[in-house]
Amino acid sequence: MAENAFDVIIIGGGPGGYVAAIRAAQLGFTTACVDMRETLGGTCLNVGCIPSKALLQSSHLFEEAGHGLAQHGVGVAAPKLDLKTMLGRKDAVVGDLTKGIAFLFKKNKITHIVGAGVISAPGKVKVGKDTFAAKHIIIATGSEPAPLAGVTIDEKQIVTSTGALNLPKVPKSMIVIGGGVIGLELGSVWRRLGADVTVVEFLAEILPGMDGEVVKQAARTFKKQGLNFKTGTKVTGAKTAKTGVTLTVEAAAGGKAETLKADVVLVSIGRRPFTDKLGLDKVGVEMDPRGFVKTDGHFKTNVEGIYAIGDVIGGQMLAHKAEEEGIACVEILAGQAGHVNYGAIPGVVYTHPEIAAVGKTEEALKSAGVAYTVGKFPFMANSRARAVGDTEGFVKILADAKTDRVLGAHIIGPGAGELIQEIVLAMEFGGASEDIARTSHAHPGTSEAVKEAALACLGRAIHI
Ligand code: FAD
Ligand code: NAI
(Lines of atoms letter the chains of each structure in order from A; the text may use other names.)
(Lines give C-alpha, C1' and ligand atoms only; values in the text may rest on other atoms or scores of the structure.)
(Ligands and ions follow the chains in the order given, each with its own letter.)
Protein backbone atom coordinates (compact mmCIF):
# COMPACT_ATOMS: atom_id res chain seq x y z
CA MET A 1 0.00 0.00 0.00
CA ALA A 2 1.29 3.50 -0.85
CA GLU A 3 2.73 5.53 2.02
CA ASN A 4 -0.23 7.90 2.11
CA ALA A 5 -2.91 5.22 1.79
CA PHE A 6 -4.76 3.51 4.63
CA ASP A 7 -7.59 1.04 5.05
CA VAL A 8 -9.25 3.39 7.54
CA ILE A 9 -8.80 7.11 8.21
CA ILE A 10 -10.63 8.48 11.21
CA ILE A 11 -11.12 12.24 11.46
CA GLY A 12 -11.19 13.18 15.14
CA GLY A 13 -9.19 11.66 17.98
CA GLY A 14 -11.79 11.90 20.76
CA PRO A 15 -13.17 8.87 22.65
CA GLY A 16 -15.10 7.86 19.53
CA GLY A 17 -12.22 8.31 17.10
CA TYR A 18 -9.23 7.09 19.08
CA VAL A 19 -11.02 3.98 20.35
CA ALA A 20 -12.21 3.22 16.80
CA ALA A 21 -8.58 3.58 15.64
CA ILE A 22 -7.31 1.08 18.23
CA ARG A 23 -10.06 -1.43 17.43
CA ALA A 24 -9.42 -0.98 13.68
CA ALA A 25 -5.71 -1.70 14.20
CA GLN A 26 -6.58 -4.77 16.30
CA LEU A 27 -8.70 -6.00 13.40
CA GLY A 28 -5.73 -5.71 11.04
CA PHE A 29 -6.64 -2.48 9.22
CA THR A 30 -3.87 0.00 8.41
CA THR A 31 -5.20 2.99 10.31
CA ALA A 32 -4.64 6.73 10.60
CA CYS A 33 -6.31 9.18 12.95
CA VAL A 34 -6.34 12.91 12.17
CA ASP A 35 -6.92 15.52 14.85
CA MET A 36 -6.30 19.22 14.75
CA ARG A 37 -5.31 19.16 18.41
CA GLU A 38 -1.71 18.21 19.15
CA THR A 39 -2.93 15.84 21.87
CA LEU A 40 -5.32 12.93 21.45
CA GLY A 41 -8.44 12.34 23.54
CA GLY A 42 -10.71 14.98 22.01
CA THR A 43 -13.10 17.13 23.98
CA CYS A 44 -13.51 14.51 26.68
CA LEU A 45 -9.90 14.20 27.72
CA ASN A 46 -8.62 17.69 26.89
CA VAL A 47 -11.45 20.00 27.94
CA GLY A 48 -14.33 17.79 29.12
CA CYS A 49 -14.82 14.66 31.20
CA ILE A 50 -11.37 14.38 32.74
CA PRO A 51 -10.40 17.95 33.66
CA SER A 52 -13.91 18.50 35.05
CA LYS A 53 -13.69 15.36 37.19
CA ALA A 54 -10.23 16.37 38.43
CA LEU A 55 -11.61 19.73 39.58
CA LEU A 56 -14.74 18.12 41.04
CA GLN A 57 -12.54 15.88 43.18
CA SER A 58 -10.20 18.68 44.30
CA SER A 59 -13.05 21.07 45.09
CA HIS A 60 -14.90 18.30 46.96
CA LEU A 61 -11.85 17.71 49.16
CA PHE A 62 -11.60 21.46 49.78
CA GLU A 63 -15.24 21.57 50.85
CA GLU A 64 -14.89 18.44 53.01
CA ALA A 65 -11.87 19.94 54.75
CA GLY A 66 -13.93 23.06 55.41
CA HIS A 67 -17.23 21.54 56.56
CA GLY A 68 -17.32 17.77 56.26
CA LEU A 69 -14.69 16.51 58.68
CA ALA A 70 -16.01 17.90 61.98
CA GLN A 71 -18.85 15.33 62.13
CA HIS A 72 -16.14 12.62 62.22
CA GLY A 73 -14.36 14.34 65.08
CA VAL A 74 -11.56 15.46 62.82
CA GLY A 75 -10.66 19.06 63.55
CA VAL A 76 -8.59 20.97 61.03
CA ALA A 77 -7.81 24.64 60.56
CA ALA A 78 -9.81 26.39 57.83
CA PRO A 79 -8.39 25.10 54.53
CA LYS A 80 -6.50 27.49 52.27
CA LEU A 81 -7.07 27.34 48.55
CA ASP A 82 -4.08 27.12 46.24
CA LEU A 83 -5.93 27.40 42.95
CA LYS A 84 -2.76 27.35 40.87
CA THR A 85 -1.79 23.96 42.26
CA MET A 86 -5.35 22.67 41.84
CA LEU A 87 -5.44 23.72 38.17
CA GLY A 88 -1.90 22.43 37.67
CA ARG A 89 -2.86 19.01 39.04
CA LYS A 90 -5.81 18.90 36.63
CA ASP A 91 -3.51 19.76 33.72
CA ALA A 92 -1.04 17.07 34.80
CA VAL A 93 -3.80 14.43 34.92
CA VAL A 94 -4.87 15.43 31.40
CA GLY A 95 -1.27 15.52 30.16
CA ASP A 96 -0.48 12.04 31.49
CA LEU A 97 -3.62 10.54 29.98
CA THR A 98 -3.10 12.12 26.55
CA LYS A 99 0.44 10.70 26.54
CA GLY A 100 -1.10 7.35 27.39
CA ILE A 101 -3.20 7.43 24.21
CA ALA A 102 -0.16 8.46 22.13
CA PHE A 103 1.59 5.37 23.56
CA LEU A 104 -1.37 3.14 22.65
CA PHE A 105 -1.26 4.53 19.10
CA LYS A 106 2.44 3.63 18.81
CA LYS A 107 1.82 0.19 20.28
CA ASN A 108 -0.95 -0.46 17.75
CA LYS A 109 1.00 1.10 14.83
CA ILE A 110 -1.64 3.77 14.21
CA THR A 111 -0.51 6.85 12.27
CA HIS A 112 -1.38 10.04 14.14
CA ILE A 113 -1.75 12.99 11.78
CA VAL A 114 -1.95 16.42 13.41
CA GLY A 115 -3.99 18.97 11.47
CA ALA A 116 -7.48 19.79 10.25
CA GLY A 117 -8.83 17.04 8.00
CA VAL A 118 -10.94 17.85 4.96
CA ILE A 119 -12.76 15.18 2.96
CA SER A 120 -11.79 16.38 -0.51
CA ALA A 121 -13.50 13.48 -2.33
CA PRO A 122 -14.87 10.06 -1.34
CA GLY A 123 -11.80 8.08 -0.25
CA LYS A 124 -9.59 11.17 0.08
CA VAL A 125 -8.66 13.21 3.16
CA LYS A 126 -6.61 16.38 2.86
CA VAL A 127 -4.58 17.65 5.79
CA GLY A 128 -2.70 20.83 4.92
CA LYS A 129 -0.85 20.16 1.69
CA ASP A 130 -0.98 16.37 2.03
CA THR A 131 -3.67 14.14 0.64
CA PHE A 132 -4.27 10.70 2.12
CA ALA A 133 -6.29 7.90 0.55
CA ALA A 134 -8.55 5.57 2.52
CA LYS A 135 -10.94 2.72 1.73
CA HIS A 136 -13.06 3.83 4.66
CA ILE A 137 -13.34 7.31 6.21
CA ILE A 138 -14.91 7.68 9.65
CA ILE A 139 -16.10 11.11 10.75
CA ALA A 140 -15.65 11.46 14.52
CA THR A 141 -15.38 15.23 14.79
CA GLY A 142 -17.53 15.57 17.92
CA SER A 143 -19.29 18.67 19.12
CA GLU A 144 -18.80 22.22 20.37
CA PRO A 145 -20.68 24.44 22.84
CA ALA A 146 -23.99 25.77 21.49
CA PRO A 147 -23.95 29.57 21.32
CA LEU A 148 -26.61 31.80 22.86
CA ALA A 149 -27.84 34.80 20.87
CA GLY A 150 -26.90 38.09 22.51
CA VAL A 151 -24.30 36.53 24.81
CA THR A 152 -20.84 36.74 23.24
CA ILE A 153 -18.23 34.30 24.53
CA ASP A 154 -14.80 35.80 25.34
CA GLU A 155 -13.59 32.85 27.48
CA LYS A 156 -12.65 35.35 30.22
CA GLN A 157 -15.80 36.92 31.63
CA ILE A 158 -18.31 35.00 29.52
CA VAL A 159 -17.01 31.47 29.24
CA THR A 160 -17.92 28.05 27.92
CA SER A 161 -16.97 24.93 29.84
CA THR A 162 -13.45 25.28 28.42
CA GLY A 163 -12.94 28.68 30.06
CA ALA A 164 -14.67 27.51 33.25
CA LEU A 165 -12.02 24.79 33.64
CA ASN A 166 -9.28 27.41 33.76
CA LEU A 167 -10.47 30.52 35.63
CA PRO A 168 -7.34 32.16 37.04
CA LYS A 169 -9.13 33.15 40.26
CA VAL A 170 -12.32 32.25 42.06
CA PRO A 171 -15.00 34.72 40.95
CA LYS A 172 -17.02 36.35 43.73
CA SER A 173 -20.13 35.65 41.75
CA MET A 174 -20.95 33.40 38.81
CA ILE A 175 -24.07 32.95 36.71
CA VAL A 176 -24.49 29.65 34.96
CA ILE A 177 -26.86 29.74 31.96
CA GLY A 178 -28.33 26.22 31.63
CA GLY A 179 -29.10 23.85 34.50
CA GLY A 180 -27.88 20.73 32.70
CA VAL A 181 -24.91 18.49 33.33
CA ILE A 182 -22.11 21.00 32.65
CA GLY A 183 -23.86 23.78 34.56
CA LEU A 184 -24.34 21.66 37.67
CA GLU A 185 -20.89 20.05 37.61
CA LEU A 186 -18.87 23.21 36.96
CA GLY A 187 -21.28 25.39 38.97
CA SER A 188 -20.62 23.03 41.90
CA VAL A 189 -16.84 23.31 41.45
CA TRP A 190 -16.79 27.11 41.70
CA ARG A 191 -19.42 27.24 44.47
CA ARG A 192 -17.30 24.85 46.56
CA LEU A 193 -14.29 27.09 45.98
CA GLY A 194 -16.19 30.14 47.22
CA ALA A 195 -18.17 31.70 44.36
CA ASP A 196 -21.79 32.75 44.81
CA VAL A 197 -23.36 30.73 41.98
CA THR A 198 -26.79 31.26 40.38
CA VAL A 199 -28.07 28.82 37.76
CA VAL A 200 -30.49 30.33 35.22
CA GLU A 201 -32.54 27.60 33.52
CA PHE A 202 -35.02 28.17 30.69
CA LEU A 203 -37.28 25.23 31.62
CA ALA A 204 -39.28 24.83 34.83
CA GLU A 205 -36.85 22.20 36.20
CA ILE A 206 -33.12 21.55 36.05
CA LEU A 207 -31.76 18.36 34.43
CA PRO A 208 -34.51 17.99 31.83
CA GLY A 209 -35.19 14.43 30.73
CA MET A 210 -34.09 12.85 34.00
CA ASP A 211 -36.43 10.99 36.34
CA GLY A 212 -38.77 13.46 38.05
CA GLU A 213 -38.19 12.23 41.62
CA VAL A 214 -34.43 12.39 41.14
CA VAL A 215 -34.69 15.94 39.77
CA LYS A 216 -36.74 17.03 42.82
CA GLN A 217 -34.23 15.51 45.24
CA ALA A 218 -31.29 16.98 43.27
CA ALA A 219 -32.77 20.49 43.26
CA ARG A 220 -33.39 20.27 47.04
CA THR A 221 -29.86 19.05 47.71
CA PHE A 222 -28.12 21.59 45.48
CA LYS A 223 -30.13 24.43 47.07
CA LYS A 224 -29.08 23.20 50.51
CA GLN A 225 -25.48 23.24 49.33
CA GLY A 226 -25.86 26.92 48.41
CA LEU A 227 -26.50 26.91 44.66
CA ASN A 228 -29.17 29.47 43.69
CA PHE A 229 -31.67 28.68 40.96
CA LYS A 230 -33.74 30.86 38.65
CA THR A 231 -35.80 28.39 36.63
CA GLY A 232 -38.34 29.25 33.92
CA THR A 233 -36.09 32.16 32.97
CA LYS A 234 -34.51 33.20 29.69
CA VAL A 235 -31.46 35.35 29.10
CA THR A 236 -31.99 37.96 26.43
CA GLY A 237 -28.67 39.79 26.41
CA ALA A 238 -25.31 40.36 28.09
CA LYS A 239 -23.04 43.37 28.53
CA THR A 240 -19.49 43.12 29.79
CA ALA A 241 -17.58 45.82 31.64
CA LYS A 242 -14.47 45.85 33.82
CA THR A 243 -16.72 45.48 36.85
CA GLY A 244 -18.43 42.32 35.55
CA VAL A 245 -21.19 41.05 33.31
CA THR A 246 -24.76 42.30 33.31
CA LEU A 247 -27.36 39.89 31.97
CA THR A 248 -30.86 40.84 30.95
CA VAL A 249 -33.33 38.10 31.82
CA GLU A 250 -37.07 37.61 31.74
CA ALA A 251 -39.58 34.85 32.41
CA ALA A 252 -39.35 32.12 29.75
CA ALA A 253 -42.98 32.77 28.86
CA GLY A 254 -42.20 36.48 28.44
CA GLY A 255 -42.61 39.31 30.93
CA LYS A 256 -40.79 42.16 32.60
CA ALA A 257 -37.05 42.26 31.97
CA GLU A 258 -34.66 42.38 34.93
CA THR A 259 -30.90 42.43 35.21
CA LEU A 260 -28.49 40.08 36.99
CA LYS A 261 -24.82 40.86 37.61
CA ALA A 262 -21.87 38.53 38.05
CA ASP A 263 -18.09 38.48 37.68
CA VAL A 264 -18.23 35.47 35.37
CA VAL A 265 -20.98 33.91 33.24
CA LEU A 266 -20.82 30.28 32.12
CA VAL A 267 -22.87 29.43 29.04
CA SER A 268 -23.81 25.73 29.15
CA ILE A 269 -27.02 25.36 27.17
CA GLY A 270 -26.04 22.22 25.29
CA ARG A 271 -23.58 21.25 22.55
CA ARG A 272 -23.95 21.13 18.78
CA PRO A 273 -22.29 18.90 16.19
CA PHE A 274 -18.94 20.10 14.87
CA THR A 275 -18.41 19.69 11.10
CA ASP A 276 -16.77 23.02 10.33
CA LYS A 277 -14.65 23.08 7.14
CA LEU A 278 -14.81 19.29 6.91
CA GLY A 279 -15.98 19.49 3.29
CA LEU A 280 -19.21 17.55 3.83
CA ASP A 281 -21.30 19.71 1.47
CA LYS A 282 -18.75 19.23 -1.28
CA VAL A 283 -18.80 15.44 -1.09
CA GLY A 284 -22.56 15.44 -0.50
CA VAL A 285 -22.76 13.92 3.00
CA GLU A 286 -26.28 14.54 4.30
CA MET A 287 -26.89 16.28 7.61
CA ASP A 288 -30.15 16.72 9.53
CA PRO A 289 -31.62 20.20 10.10
CA ARG A 290 -29.64 20.53 13.38
CA GLY A 291 -26.34 19.76 11.63
CA PHE A 292 -25.89 16.17 12.86
CA VAL A 293 -24.41 13.82 10.25
CA LYS A 294 -27.15 11.44 9.11
CA THR A 295 -26.36 7.72 9.29
CA ASP A 296 -28.33 4.59 8.45
CA GLY A 297 -28.28 3.09 11.95
CA HIS A 298 -25.06 1.24 11.07
CA PHE A 299 -22.90 4.40 11.01
CA LYS A 300 -22.96 4.61 7.21
CA THR A 301 -23.64 8.01 5.67
CA ASN A 302 -25.34 8.40 2.30
CA VAL A 303 -21.89 8.52 0.61
CA GLU A 304 -20.21 5.17 -0.06
CA GLY A 305 -17.15 4.63 2.14
CA ILE A 306 -17.92 7.47 4.59
CA TYR A 307 -19.11 6.63 8.11
CA ALA A 308 -19.79 8.71 11.23
CA ILE A 309 -19.82 8.08 14.99
CA GLY A 310 -19.99 9.89 18.33
CA ASP A 311 -21.37 13.32 19.23
CA VAL A 312 -21.46 14.36 15.56
CA ILE A 313 -24.28 11.86 14.82
CA GLY A 314 -26.40 12.91 17.81
CA GLY A 315 -28.12 10.85 20.49
CA GLN A 316 -26.62 10.91 23.97
CA MET A 317 -23.51 13.10 23.86
CA LEU A 318 -21.42 10.85 26.05
CA ALA A 319 -17.86 9.58 25.75
CA HIS A 320 -18.73 5.92 26.35
CA LYS A 321 -21.55 6.08 23.77
CA ALA A 322 -19.01 7.44 21.24
CA GLU A 323 -16.58 4.63 22.17
CA GLU A 324 -19.19 1.90 21.69
CA GLU A 325 -20.11 3.39 18.31
CA GLY A 326 -16.45 3.57 17.24
CA ILE A 327 -15.93 -0.10 18.06
CA ALA A 328 -19.19 -1.23 16.46
CA CYS A 329 -18.47 0.80 13.30
CA VAL A 330 -15.04 -0.74 12.60
CA GLU A 331 -16.29 -4.22 13.52
CA ILE A 332 -18.97 -3.78 10.86
CA LEU A 333 -16.23 -2.67 8.39
CA ALA A 334 -14.44 -5.93 9.22
CA GLY A 335 -17.56 -7.94 8.44
CA GLN A 336 -18.43 -8.55 12.08
CA ALA A 337 -21.75 -7.85 13.80
CA GLY A 338 -20.89 -4.59 15.60
CA HIS A 339 -23.84 -3.36 17.64
CA VAL A 340 -24.69 -0.69 20.23
CA ASN A 341 -27.52 -1.22 22.72
CA TYR A 342 -28.76 2.36 23.11
CA GLY A 343 -31.29 1.22 25.72
CA ALA A 344 -28.53 0.46 28.23
CA ILE A 345 -26.17 3.43 28.11
CA PRO A 346 -25.67 4.92 31.57
CA GLY A 347 -25.48 8.66 32.19
CA VAL A 348 -23.82 10.12 35.27
CA VAL A 349 -23.73 13.63 36.71
CA TYR A 350 -20.60 13.84 38.86
CA THR A 351 -21.91 16.27 41.48
CA HIS A 352 -22.03 15.35 45.15
CA PRO A 353 -24.10 13.32 45.56
CA GLU A 354 -23.69 11.78 42.12
CA ILE A 355 -26.73 11.22 39.91
CA ALA A 356 -26.86 8.19 37.62
CA ALA A 357 -29.45 6.86 35.22
CA VAL A 358 -29.97 4.08 32.71
CA GLY A 359 -32.93 3.07 30.58
CA LYS A 360 -36.43 4.43 30.89
CA THR A 361 -37.66 7.05 33.34
CA GLU A 362 -40.95 6.56 35.16
CA GLU A 363 -42.39 9.45 33.11
CA ALA A 364 -41.42 7.75 29.82
CA LEU A 365 -42.98 4.43 30.90
CA LYS A 366 -46.19 6.20 31.95
CA SER A 367 -46.52 8.05 28.68
CA ALA A 368 -45.80 4.85 26.70
CA GLY A 369 -48.53 3.06 28.69
CA VAL A 370 -46.14 0.33 29.94
CA ALA A 371 -47.19 -1.42 33.16
CA TYR A 372 -44.26 -1.31 35.60
CA THR A 373 -43.27 -1.87 39.21
CA VAL A 374 -41.12 0.58 41.20
CA GLY A 375 -38.63 -0.38 43.88
CA LYS A 376 -37.10 2.45 45.92
CA PHE A 377 -34.59 2.36 48.73
CA PRO A 378 -33.13 5.38 50.57
CA PHE A 379 -29.43 5.58 51.48
CA MET A 380 -30.57 6.77 54.92
CA ALA A 381 -31.51 3.12 55.61
CA ASN A 382 -28.21 1.76 54.25
CA SER A 383 -25.67 0.91 56.94
CA ARG A 384 -22.55 1.72 54.89
CA ALA A 385 -23.92 5.13 53.89
CA ARG A 386 -24.66 5.78 57.58
CA ALA A 387 -21.19 4.65 58.66
CA VAL A 388 -19.53 6.82 56.04
CA GLY A 389 -21.83 9.79 56.75
CA ASP A 390 -23.16 10.19 53.22
CA THR A 391 -26.86 9.39 53.33
CA GLU A 392 -28.58 11.74 50.91
CA GLY A 393 -30.53 10.12 48.06
CA PHE A 394 -32.02 6.83 46.96
CA VAL A 395 -31.98 4.00 44.43
CA LYS A 396 -35.01 3.58 42.20
CA ILE A 397 -35.48 0.58 39.92
CA LEU A 398 -38.26 0.24 37.36
CA ALA A 399 -39.22 -3.24 36.16
CA ASP A 400 -41.81 -4.63 33.77
CA ALA A 401 -44.96 -5.48 35.74
CA LYS A 402 -45.48 -8.76 33.87
CA THR A 403 -41.99 -10.09 33.21
CA ASP A 404 -40.02 -8.29 35.99
CA ARG A 405 -37.36 -7.38 33.40
CA VAL A 406 -35.47 -4.25 34.48
CA LEU A 407 -36.48 -1.28 32.29
CA GLY A 408 -34.61 1.53 33.97
CA ALA A 409 -32.82 2.69 37.10
CA HIS A 410 -32.16 6.07 38.67
CA ILE A 411 -29.80 6.69 41.55
CA ILE A 412 -28.93 9.83 43.44
CA GLY A 413 -26.48 9.19 46.22
CA PRO A 414 -22.93 8.25 47.23
CA GLY A 415 -21.03 6.64 44.36
CA ALA A 416 -24.16 6.49 42.17
CA GLY A 417 -21.98 6.50 39.05
CA GLU A 418 -20.39 3.19 40.02
CA LEU A 419 -23.52 1.65 41.56
CA ILE A 420 -25.50 2.04 38.34
CA GLN A 421 -23.10 -0.27 36.53
CA GLU A 422 -24.46 -3.53 37.95
CA ILE A 423 -27.94 -2.53 36.80
CA VAL A 424 -26.57 -1.70 33.32
CA LEU A 425 -25.03 -5.18 33.21
CA ALA A 426 -28.28 -6.77 34.39
CA MET A 427 -30.12 -4.91 31.62
CA GLU A 428 -27.56 -6.03 28.99
CA PHE A 429 -28.24 -9.62 30.05
CA GLY A 430 -32.01 -9.04 29.92
CA GLY A 431 -32.06 -9.43 33.71
CA ALA A 432 -35.01 -9.08 36.07
CA SER A 433 -35.17 -7.29 39.41
CA GLU A 434 -35.33 -10.80 40.93
CA ASP A 435 -31.85 -11.51 39.44
CA ILE A 436 -30.38 -8.49 41.22
CA ALA A 437 -32.33 -9.25 44.40
CA ARG A 438 -31.02 -12.83 44.57
CA THR A 439 -27.39 -11.80 43.96
CA SER A 440 -25.24 -11.63 47.07
CA HIS A 441 -24.01 -8.09 47.81
CA ALA A 442 -21.15 -7.54 50.26
CA HIS A 443 -22.12 -6.09 53.62
CA PRO A 444 -21.82 -3.31 54.53
CA GLY A 445 -21.92 -1.73 51.10
CA THR A 446 -23.85 1.02 49.37
CA SER A 447 -24.57 -1.56 46.63
CA GLU A 448 -26.89 -3.21 49.15
CA ALA A 449 -29.22 -0.26 48.45
CA VAL A 450 -29.40 -1.50 44.84
CA LYS A 451 -30.27 -5.01 46.03
CA GLU A 452 -32.90 -3.60 48.41
CA ALA A 453 -34.45 -1.49 45.62
CA ALA A 454 -34.63 -4.64 43.49
CA LEU A 455 -36.28 -6.47 46.40
CA ALA A 456 -38.67 -3.53 46.76
CA CYS A 457 -39.77 -4.04 43.13
CA LEU A 458 -40.96 -7.46 44.31
CA GLY A 459 -42.49 -6.09 47.53
CA ARG A 460 -39.84 -7.86 49.65
CA ALA A 461 -37.36 -5.16 50.84
CA ILE A 462 -35.82 -6.23 54.13
CA HIS A 463 -34.49 -3.06 55.68
CA ILE A 464 -37.42 -0.69 55.15
P1 FAD B 1 -14.85 14.72 20.62
O2 FAD B 1 -14.37 14.24 21.92
O3 FAD B 1 -15.47 16.08 20.58
O4 FAD B 1 -13.60 14.67 19.65
C5 FAD B 1 -13.63 15.19 18.38
C6 FAD B 1 -12.22 15.57 17.97
O7 FAD B 1 -12.23 15.85 16.59
C8 FAD B 1 -11.67 16.81 18.65
O9 FAD B 1 -10.44 16.53 19.25
C10 FAD B 1 -11.49 17.81 17.51
O11 FAD B 1 -10.31 18.58 17.66
C12 FAD B 1 -11.34 16.90 16.32
N13 FAD B 1 -11.75 17.48 15.04
C14 FAD B 1 -12.92 18.07 14.73
N15 FAD B 1 -12.94 18.42 13.42
C16 FAD B 1 -11.75 18.02 12.91
C17 FAD B 1 -11.17 18.11 11.63
N18 FAD B 1 -11.82 18.62 10.58
N19 FAD B 1 -9.92 17.62 11.47
C20 FAD B 1 -9.24 17.08 12.50
N21 FAD B 1 -9.76 16.97 13.75
C22 FAD B 1 -10.99 17.45 13.94
N23 FAD B 1 -19.11 12.64 28.63
C24 FAD B 1 -19.11 11.58 29.47
O25 FAD B 1 -19.44 10.47 29.05
N26 FAD B 1 -18.74 11.71 30.77
C27 FAD B 1 -18.37 12.91 31.29
O28 FAD B 1 -18.03 13.00 32.48
C29 FAD B 1 -18.35 14.03 30.44
N30 FAD B 1 -17.98 15.23 30.91
C31 FAD B 1 -17.93 16.29 30.04
C32 FAD B 1 -17.55 17.53 30.55
C33 FAD B 1 -17.49 18.63 29.73
C34 FAD B 1 -17.05 19.95 30.29
C35 FAD B 1 -17.80 18.49 28.35
C36 FAD B 1 -17.70 19.66 27.42
C37 FAD B 1 -18.20 17.27 27.84
C38 FAD B 1 -18.28 16.17 28.69
N39 FAD B 1 -18.69 14.91 28.23
C40 FAD B 1 -18.73 13.85 29.08
C41 FAD B 1 -19.08 14.69 26.82
C42 FAD B 1 -17.93 14.07 26.04
O43 FAD B 1 -16.81 14.92 26.11
C44 FAD B 1 -18.33 13.83 24.59
O45 FAD B 1 -19.52 13.10 24.52
C46 FAD B 1 -17.24 13.08 23.86
O47 FAD B 1 -16.02 13.78 23.91
C48 FAD B 1 -17.63 12.82 22.40
O49 FAD B 1 -16.61 12.12 21.78
P50 FAD B 1 -16.35 12.24 20.21
O51 FAD B 1 -15.23 11.32 19.93
O52 FAD B 1 -17.61 12.06 19.47
O53 FAD B 1 -15.89 13.75 19.94
P1 NAI C 1 -27.41 19.86 28.70
O2 NAI C 1 -28.24 19.53 27.54
O3 NAI C 1 -27.09 18.84 29.71
O4 NAI C 1 -28.09 21.06 29.52
C5 NAI C 1 -28.41 22.27 28.92
C6 NAI C 1 -29.41 22.97 29.80
O7 NAI C 1 -29.57 24.29 29.34
C8 NAI C 1 -30.80 22.32 29.78
O9 NAI C 1 -31.25 22.23 31.10
C10 NAI C 1 -31.61 23.27 28.94
O11 NAI C 1 -32.98 23.28 29.29
C12 NAI C 1 -30.95 24.59 29.28
N13 NAI C 1 -31.11 25.64 28.28
C14 NAI C 1 -31.13 25.51 26.94
N15 NAI C 1 -31.24 26.73 26.36
C16 NAI C 1 -31.28 27.63 27.37
C17 NAI C 1 -31.36 29.04 27.43
N18 NAI C 1 -31.43 29.77 26.32
N19 NAI C 1 -31.37 29.65 28.64
C20 NAI C 1 -31.28 28.90 29.79
N21 NAI C 1 -31.21 27.57 29.78
C22 NAI C 1 -31.19 26.95 28.60
O23 NAI C 1 -26.09 20.53 28.08
P24 NAI C 1 -24.71 20.92 28.74
O25 NAI C 1 -24.82 20.97 30.21
O26 NAI C 1 -24.25 22.12 28.00
O27 NAI C 1 -23.81 19.69 28.33
C28 NAI C 1 -23.62 19.33 26.96
C29 NAI C 1 -23.47 17.87 26.80
O30 NAI C 1 -22.25 17.43 27.34
C31 NAI C 1 -24.57 17.10 27.49
O32 NAI C 1 -25.45 16.63 26.50
C33 NAI C 1 -23.91 15.96 28.16
O34 NAI C 1 -24.29 14.76 27.56
C35 NAI C 1 -22.41 16.18 27.97
N36 NAI C 1 -21.79 16.20 29.29
C37 NAI C 1 -21.81 15.05 30.01
C38 NAI C 1 -21.28 15.02 31.27
C39 NAI C 1 -21.35 13.76 32.04
O40 NAI C 1 -21.63 12.73 31.46
N41 NAI C 1 -21.08 13.79 33.34
C42 NAI C 1 -20.68 16.20 31.89
C43 NAI C 1 -20.78 17.37 31.05
C44 NAI C 1 -21.30 17.33 29.79
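Positions of Cβ are set from backbone N, Cα and C atoms, glycine also.
Look at His443 (active site, proton acceptor): DSSP puts it in coil. Taking the Cβ of His443 (active site, proton acceptor) as reference, residues of its chain lying under 8 Å away and at least six apart in sequence are, in sequence order, Ser383. Taken from TrEMBL, the feature active site, proton acceptor applies to His443.
For Ala319 (FAD binding site), the count of additional Cβ atoms within 10 Å of its Cβ stands at 22 [all protein chains shown]. Annotated FAD binding site per TrEMBL: Lys53, Gly117, Thr141, Gly142, Ser143, Asp311, Met317, Leu318, Ala319, His320, in sequence order.
Ile182 (NAD(+) binding site) falls within a helical segment according to DSSP. Marked as NAD(+) binding site by TrEMBL: Gly178, Gly179, Gly180, Val181, Ile182, Gly183, Leu184, Glu185, Glu201, Gly270.
Sequence annotations record features per position, and here TrEMBL assigns domain 'FAD/NAD(P)-binding' to 6-326.
Residues or ranges marked as domain 'Pyridine nucleotide-disulphide oxidoreductase dimerisation' in TrEMBL: 345-454.
With a cut-off of under 6 Å between the Cβ and any atom of ligand 1, the binding-site residues Thr141, Gly178, Gly180, Leu184, Glu201 reduce to Thr141.
Met317 (FAD binding site) falls within neither a helix nor a strand when secondary structure is assigned with DSSP, and so counts as coil. Selection of the binding-site residues Gly180, Leu184, Glu201 by a Cβ distance under 6 Å from ligand 2 yields, in sequence order, Gly180, Glu201. DSSP assigns Lys53 (FAD binding site) to a helical segment in the three-state reduction. Listed binding-site residues: Gly178, Gly180. The one with the lowest count of other Cβ atoms within 10 Å of its Cβ is Gly180. Of the listed binding-site residues Ile182, Leu184, Met317, the Cβ environment within 10 Å is emptiest of other Cβ atoms at Met317.
Set side by side, the binding-site residues Thr141, Ser143 differ in how many other CB atoms lie within 10 angstroms of their CB, and the most is found at Thr141.
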